[in-house]
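*Asks:* Please see the structure below; I have some questions.
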Amino acid sequence: MVFRKPPDGGWGWVIVVVSFFTQFLCYGSPLAVGVLYLEWLDAFGEGKGKTAWVGSLANGIGLLASPVCSICVSSFGARPVAIFSGFMVAGGLMMSSFAPNIYFLYVSYGIVVGLGCGLLYTATVTITCQYFDKRRGLALGLISTGSSVGLFIYAALQRELIELYGLDGCLLIVGALSLNILACGSLMRPLESSRSPPPEKTCGDKVPDQYFVYHEKEKTVEENISILEKGYIDEKCANNVPDCKQDSLLNKNILSSINVNEKDTYKKKVVEQTNFCKQLAKRKWQLYLTYWKETVVLFKNKVFSALFVAILLFDIGGFPPSLLMEDVARSANINEDDYYMPLISIIGIMTTVGKLILGILADFKWVNTLYLYVTTLLMTGVALFAIPFAKSYLTLAMLSAILGFLTGNWSIFPYVTTKTVGIEKLTHAYGILMFFAGLGNSLGPPIVGWFYDWTQEYDTAFYFSGFCVLLGGFLLLLAALPCWNACTNQSPKLPPNTYSYKVASSA
C-alpha cells in the first residue's frame, strides 16, 4: 500500500475532530468509573479490592494488549478497527447493565470495554499520524485531550443518570452514546494513493498458485487420457472382443506411468515448499532473537531501567485516586450537599490542563524533561501522603486538582523516553514501558482496596501509594544525576539488522 504525502490539513482536521470524539466517547466511562465503583460496592456487596478490579482492568487491559492492538490496526486499517471496536465498547457497556455478579463485570466491562478502548486509541493515533507530519505534535495533543474531557463530563453525567434511571439505566444510556463511535470511525478515510500498484505476491503466496496449476494440469491430463481410452476401447470392443481387454490393460499401464511421473514432480514441489517453510521459520526465529537482544541492550541503560521501575510504581500508586477518590470522600463522612463538583471531574479537567502546560514546558530548551518528570513524581508522592489528612471537601478537591495536574505528565513521557534511548529505539522502548504501565494500572486500585479491606481505613493504603511513587522518583533521580550524559550520548549500539515494533500508548 502506497500512502500519499501527509497533507497536514484538509481532511486531516476532520480526522482530528472525529478522533477527539472517539476518545471522548470510549474513555469517558472507564476513566470516570469511580462513580460506578460506589454503586457496584452497594449492589454486589463485595470487598473494595475485588470490586476495584473492574475499573483497573478497563484501564489497564488496553496497555497490556498494545502489541495486539497495533497488529490489528496494521493488518486491517484504522477505519474497520474503529468501527468494530465501537461495537465492542457499546456492547460491553450494555452487557454490564445485566451483570448478575462482579465476575461478569470483569469480562463485560473490564476486558471487552478495556480492549475496545485500546484498539480505538491505537486506531486514532495511527490515522492521525498518517495525515500529519509537520503539525503532528499539535494534532496528537488535541486528540489526547478527548479522554480527559470525557473524564470531566462523564463523572457528572453518570452520577446524574444513576439518580434518574439507576445503575442499569445509566450503563444502557452510556452504551448507546458509545454507538456514535461508529459514525466517527466511518469518517476515518484511509490516506492511500488511488493509483497505488497492486501488491506483488511474495514467494509464499506464489507456492499455492503453483500447486493449483499443477493440480489443474494433473486433472486435465487424466481427463484427456480417460476420454481417449474410453473412445478407443469402445471402438475396439465393437469390432473385436478379445482385443478389448488387452488394449484396456495397455492403456492402464500408460496412465500409471504418467501418474508416476506426475507424482515425482509433486514430491519435488513438496520438498521445495518444505525448504521454503524451514527458511521462513529460521528468519522468524532470527527476528525474535534480534528483538530480545535489543531488549537486553535497552536494560543495560541505567536510566531506562530506572524509568521502567518508576513508571510501574507510579501507576501502582498514582492511578488509584482517579478511581477511589469518591469513596475516600464517602469514607470521610463528607456531606453530599457540600459537593460543588465530583472529585473525579476535578481530576479530569486538571489532567487536561496538566497535559497542555507540561507539554509546553517540555518544548523549552532550558527545561530538562527528565528532571521535570522526576519533579512530577516526587510531588505526586507528597500529595498522596497528604490524602489521609484531608477531612473536608475543600481539601480533597485541592488534592484532586494537584494530582490531576501532575497526572498530565503522560504528555511528556514520550519526550523522556526519547531523551533516554534515542529516537531510533523509541518504539521498542515505549512498548516495553507501556506494558508495565498497564500492569501498574491493573494492580494499583485492587492493592489499595485490599489495604482498606484489611485495615478498614484508607490511611495505610495511601501511605503505601505515596511510598511507591516516591521510591520510583528517587530511583530515577539517582540514575539520572551521575550518569545522564553517559546513558544518553554513549548508549551501547544495537546489533545490525534492527527491526522496529509499532505499539500503542496510554490515554
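Glycine is no exception: its Cβ is also placed from the backbone N, Cα and C atoms.
What TrEMBL records for this protein is below:
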DOMAIN    15-484  domain 'Major facilitator superfamily (MFS) profile'
TRANSMEM  12-40  transmembrane segment
TRANSMEM  52-73  transmembrane segment
TRANSMEM  80-98  transmembrane segment
TRANSMEM  104-125  transmembrane segment
TRANSMEM  137-157  transmembrane segment
TRANSMEM  169-188  transmembrane segment
TRANSMEM  303-319  transmembrane segment
TRANSMEM  339-358  transmembrane segment
TRANSMEM  370-390  transmembrane segment
TRANSMEM  396-417  transmembrane segment
TRANSMEM  429-452  transmembrane segment
TRANSMEM  464-484  transmembrane segment
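Situate these features within the shown structure.
*Replies:* Across all of the domain 'Major facilitator superfamily (MFS) profile' (15-484), the predicted model scores a mean pLDDT of 79.
Under 8 Å from some Cβ of the transmembrane segment (80-98) lie the Cβ atoms of residues 22, 25-26, 29, 72-73, 104-105, 108-109, 112-113, 115-117, 119-120, 122-124, 167-172, 174-176, 178-179, 181-182, 184-186, 188, all in the same chain and six or more residues away from its ends.
Long-range contacts of the transmembrane segment (104-125) within its own chain (CB-CB distance under 8 A, at least 6 residues past either end) are made by residues 19, 22-23, 26-27, 29-30, 33, 40, 53-63, 65-66, 69-70, 72-73, 78-79, 81-82, 84-86, 88-89, 91-93, 95-96, 140, 143, 181, 185, 188, 504-507.
Under 8 Å from some Cβ of the transmembrane segment (169-188) lie the Cβ atoms of residues 14-15, 18-19, 21-22, 25-26, 28-29, 36, 78-79, 82-83, 85-87, 89-94, 96-97, 120, 123, 127, 154, 157-158, 161-162, all in the same chain and six or more residues away from its ends.
Only residues 6 or more beyond the boundaries of the transmembrane segment (370-390), in the same chain, are considered here, and those with a CB under 8 A from a CB of the stretch are 303, 310, 314, 317-318, 321, 328, 332, 358, 361-362, 396, 399, 402-403, 406-407, 409, 412-413, 416, 419-420, 458-459, 462-463, 465-470, 472-474, 476-477, 480, 484.
Same-chain neighbours of the transmembrane segment (396-417): 141, 144, 307, 311, 318, 321-322, 325, 328-329, 332, 334, 340-341, 343-344, 346-359, 361-362, 369-370, 372-373, 376-377, 379-380, 383-384, 386-387, 390, 426, 429-430, 433, 505-506, counting only residues six or more beyond its ends whose CB sits under 8 Å from a CB of the stretch.
Cβ atoms under 8 Å from those of the transmembrane segment (429-452) belong to residues 47-53, 55-57, 59-64, 66-67, 295, 298, 304, 307-308, 311-320, 323-324, 413-414, 417, 420-421, 458, 460-462, 464-465, 501, 503-506 of the same chain, restricted to positions at least 6 beyond its ends.
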*Asks:* In the same chain, who gets a Cβ under 8 Å from the transmembrane segment (339-358) while lying at least 6 residues past its ends?
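*Replies:* The answer is 31-32, 34-35, 141, 144-145, 148-153, 155-156, 159, 321-322, 325-326, 329, 372, 376, 393, 396-397, 400-412.
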